[in-house]
Amino acid sequence: NPYILATLLFGLGLGTTITFASSHWLLAWMGLEINTLAIIPLMAQHHHPRAVEATAKYFLTQATAAAMLLFASTTNAWLTGQWDIQQMSHPFPLTLITLALALKIGLAPMHTWLPEVLQGLDLTTGLVLSTWQKLAPFALLLQIQNVNPTILITLGLASTLVGGWGGLNQTQLRKVLAYSSIAHLGWMILILQYSPSLTLLALLTYFVMTFSTFLVFKLNKSTSINALAISWTKAPILTSLTPLVLLSLGGLPPLTGFMPKWLILQELAKQDLAPLATLAALSALLSLYFYLRISYAMTLTMSPNNLTGVTPWRFSSPQLTLPLAIATTATISLL
């Protein structure tokens, strides 16, 4: 029903906007709750057992994270008499809130729900979950100062490594995208303390790249690596561009995805954290392996030649192809 859909999407926008605009912890918490409640029906709309299971998992983790956040902010108010987001001073609520937000966006070691949930959803809802749902917790993470840097660095490094290792053994594209999301979030958290603007840059480029990847898979109607082998017959032009999109997501120069990684490594080196920068760069190689595997399955193998399969791409829908064209161009546009 379009009215219900419009209401839910409005709720999704409203929740994020409330969190963006709030300076009081209770209001921020309320925005996150509205956001979660709005996306739940969108996730379960197909009534497929997988989707319902994913929705239940998502709901439980988000509710836990929100409860932790509420508990931490109440504790903070109790200890310091302060409800303001930017006036956090006590280490205990600060740590707890950081962990709650990490659980919300799926940073390692609180990441295990993310691949499971993403696997149960269709690609459009999965795209919303991978991009829009990250905005509100990031707005809060950017606002809280003087967090113990060790926590953020541990979370970030664990996420880049888990995102690399986890994706290696996957055949399902949505799980691969989930692990890729964990790895990218790890990069953002690593630099959060030293240069928030770089975190925002990385988030923005990640959004653009994920957008084009999800839309490519949606146009191909493919959810596993094997299904990509016949994508040449479905969308030839797109198939020849996809490896560039995937390599950009993996962060290879001279594509867009290399820019945030380059700047983050440079900033970490400036902060005398050369070992950390080296570890992060090496963990990016792990992610690169599975992106290469997908592009190999899609483009570098001979596709089966059936002429009947060639017709659909001529008649693809404009509401999908225009955003796809914009996102793909932005992802591939050189540094």
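Even glycines carry a Cβ here, placed using N, Cα and C.
Annotation comment: TrEMBL describes 22-286 as domain 'NADH:quinone oxidoreductase/Mrp antiporter transmembrane'.
The annotation domain 'NADH dehydrogenase subunit 2 C-terminal' is assigned in TrEMBL to 288-335.
Residues or ranges marked as transmembrane segment by TrEMBL: 59-79 (among others). Distant neighbours of the transmembrane segment (59-79): 25-26, 28-29, 32-33, 36, 40, 88, 90, 92-94, 96-97, 99-101, 103-104, 113, 117; these residues of the same chain sit at least 6 beyond its ends, with a Cβ under 8 Å from one of its Cβ atoms.
Sequence annotations record features per position, and here TrEMBL assigns transmembrane segment to 91-114 (among others).
The feature transmembrane segment is assigned by TrEMBL to 150-169 (among others).
Annotated transmembrane segment per TrEMBL: 176-194 (among others), in sequence order. Counting only same-chain residues 6+ beyond the ends of the transmembrane segment (176-194), those with a CB under 8 A from a CB of the stretch are 102, 105-108, 111, 114-115, 117-119, 126, 130, 134, 138, 141-142, 147, 149, 152-153, 155-164, 166-167, 170, 202-203, 206, 210, 213-214, 225, 249, 260-261, 264, 267-268, 271, 276, 280, 283-284, 287, 290-291, 294.
Taken from TrEMBL, the feature transmembrane segment applies to 200-217 (among others).
TrEMBL lists 229-253 (among others) with the feature transmembrane segment.
Residues 153, 156-157, 160-161, 163-165, 167-168, 170, 176, 179-180, 183, 186-187, 190, 246-247, 249-252, 261, 264-265 of the same chain sit 6 or more residues outside the transmembrane segment (273-292) yet have a Cβ under 8 Å from a Cβ within it. Annotation source TrEMBL lists transmembrane segment at 273-292 (among others).
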Within the domain 'NADH dehydrogenase subunit 2 C-terminal' (288-335) only, compute the mean pLDDT.
77
